[in-house]
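Student: The structure's right below; bear with me while I get my questions together.
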Amino acid sequence: MASGGGYGDANAKIDYVFKVVLIGDSAVGKSQILARFARNEFSLDSKSTIGVEFQTRTLVIDHKTVKAQIWDTAGQERYRAVTSAYYRGAVGAMLVYDITKRQTFDHIPRWLEELRNHADKNIVIILIGNKCDLVNQRDVPTEDAKEFAEKEGLFFLETSALEATNVESAFTTVLTEIYNIVNKKSLAADESQGNGNSASLSGQKIIIPGPAQEIPAKRNMCCQAS
């Protein structure tokens, strides 16, 4: 289970650092989702991200302190040159579309293809339909997104950065899944350590993806008021 950490970095010892990337078209609310998670803030005057920025937040998962390093980039084509550096080292990804703009959902397969071309094959991915507070403007049926997520093996949630609906759940779902995968690797390594097959796993762990076990089946979650 994950428990909320401070908005800002705590002074506690960090056990893991997980890099998670936000991707999707411009103006779907990626930066707003990040601001809500990292600082519990929302601004109607938020400007489009130029280039790349990242923020951090610490959480406790299974009594371990995890620093989430969340990267946000512009969705515009002219900034696509940052691709390789942006995805390098990422162990989680959030594919974001706007439920009121069908085009942003229709572009998700392209973003997913780019992600899979540049990131580790075992990266944990969640599909996010943002702005679910705008019920009367919905242009993407929840079932369409659920079906796509199931077909591609992704987690799925609808969120509202404005109302803080499911934002925390989206991040903790990804981070907890990453932690579970890493923890299984650590246990396997500990078992082989007696045979001299593994280096010590003590101390801070900066998690970089590599060959790993298969990621378990994903869950689908829809927008619900907390």
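Just so it is clear, glycine is given a Cβ too, placed from its N, Cα and C backbone atoms.
What Swiss-Prot records for 24-32, 43-49, 72-76, 130-133, 160-162 is GTP binding site. Marked as S-geranylgeranyl cysteine by Swiss-Prot: Cys222, Cys223. According to Swiss-Prot, the cysteine methyl ester annotation covers Cys223, on the basis of sequence analysis. The motif 'Effector region' annotation in Swiss-Prot covers 46-54, and the record cites similarity to another entry as its basis.
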Student: If you average per-residue pLDDT over the motif 'Effector region' (46-54), what number do you get?
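Tutor: So the average pLDDT across the motif 'Effector region' (46-54) works out to 60.
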Student: Is it possible to get the count of other C-beta atoms within 10 angstroms of the C-beta of Gly24 (GTP binding site)?
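Tutor: There are 24 of them.
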Student: Rank the binding-site residues Asp72, Asp133 by how many other Cβ atoms lie within 10 Å of each Cβ and give me the one with the fewest.
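Tutor: Asp133, out of the binding-site residues Asp72, Asp133, has the fewest neighbouring Cβ atoms within 10 Å.
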